[in-house]
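Features of the protein shown, as given by TrEMBL:
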type	residues	note
ACT_SITE	His115	active site, pros-phosphohistidine intermediate
BINDING	Lys9, Phe57, Arg85, Thr91, Arg102, Asn112	ATP binding site
DOMAIN	1-138	domain 'Nucleoside diphosphate kinase-like'
MOD_RES	Thr91	phosphothreonine
MOD_RES	Ser122	phosphoserine
Amino acid sequence: MERTFLMVKPDGVSRQLIGEIVSRFEKKGFRLAGAKLMQISDELAKKHYAEHKERPFFNDLVAFITSGPVFAMVWEGENIIATARQMMGKTNPAEAAPGTIRGDYGVIVSKNIIHGSDSPESAKREISLFFREDELISYSRPADASIY
Ligand code: RTP
Ligand code: MG
């Protein structure tokens with residue numbers, strides 16, 4: 001089963017959206033494999049966003065993601081990496097469709113509520129940055145028989 005890394009950013013935690021966001025993925029039919037509220041260190045933030053290190057907004061991005069607690073999660077399900085990105089909506093909430101998380105709750109690009117892995121390679125890398133293997137649980141639920 002495919003896994004992805006999702007994270008409610010400090011603005012989403014502050015806006016009290018953890019439950020709403022978890023609920024959307026749960027209702028969709030995806031399965032939570034691991035989760036934790038955590039304060040990201042400067043070092044972890046720079047690793048996580050390494051692909052953006054030459055961008056003008058990199059320092060602001062690192063400062064923002066370390067500015068308060070985040071809710072880090074691993075979810076699993078068929079085609080979850082691409083589907084979760086669709087559920088999140090476009091990077092800039094101003095362009096994100098209504099019905100998506102960013103479209104419904106975000107206003108500006110630097111405070112866009114949620115992070116999600118953008119490819120299988122990113123998912124693998126990000127999951128291992130944030131979680132130890134023994135923090136992730138594989139299990140099945142009665143509902144899985146109705147979802148698949
Ligand atoms: P994320 O990595 O957070 O899930 O977001 P994403 O894939 O949709 O967007 P990405 O291109 O990876 O950008 C990472 C985060 O950088 C911030 N950003 N700011 N000021 C700007 O022009 C700008 N552009 C991007 C956003 O918060 C974005 O989520
Ligand atoms: Mg990204």
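Just so you know, glycine gets a Cβ as well, placed from its N, Cα and C.
Feature annotations (TrEMBL) mapped to structure.
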residue: Lys9; record: ATP binding site; Cβ neighbours (10 Å): 24
residue: Phe57; record: ATP binding site; Cβ neighbours (10 Å): 12
residue: Arg85; record: ATP binding site; Cβ neighbours (10 Å): 18
residue: Thr91; record: ATP binding site; Cβ neighbours (10 Å): 14
residue: Arg102; record: ATP binding site; Cβ neighbours (10 Å): 24
residue: Asn112; record: ATP binding site; Cβ neighbours (10 Å): 23
residue: His115; record: active site, pros-phosphohistidine intermediate; Cβ neighbours (10 Å): 19
residue: Ser122; record: phosphoserine; Cβ neighbours (10 Å): 16
Could you tell me which of the recorded positions Lys9, Arg102, Asn112, Ser122 have their C-beta within a distance under 6 angstroms of some atom of ligand 1?
Asn112
Given the ATP binding site residues Lys9, Phe57, Arg85, Thr91, Arg102, Asn112 in the record, what is the largest Cα to Cα distance, rounded to whole Å?
21
Once the DSSP letters are reduced so that anything not helix or strand counts as coil, what is His115 (active site, pros-phosphohistidine intermediate)?
strand
Need one number: mean pLDDT over the domain 'Nucleoside diphosphate kinase-like' (1-138).
98
At the level of the C-alpha atoms, what whole-angstrom distance separates His115 (active site, pros-phosphohistidine intermediate) and Arg102 (ATP binding site)?
10
Rounded to a whole number, how many Å is the Cα of Arg102 (ATP binding site) away from the Cα of the residue listed as 'phosphoserine'?
20
Residue pair Thr91 (ATP binding site), Ser122 (phosphoserine) - Cα distance, angstrom, rounded:
16
List the Cα distance (Å, whole number) between Lys9 (ATP binding site) and the residue listed as 'phosphoserine'.
17
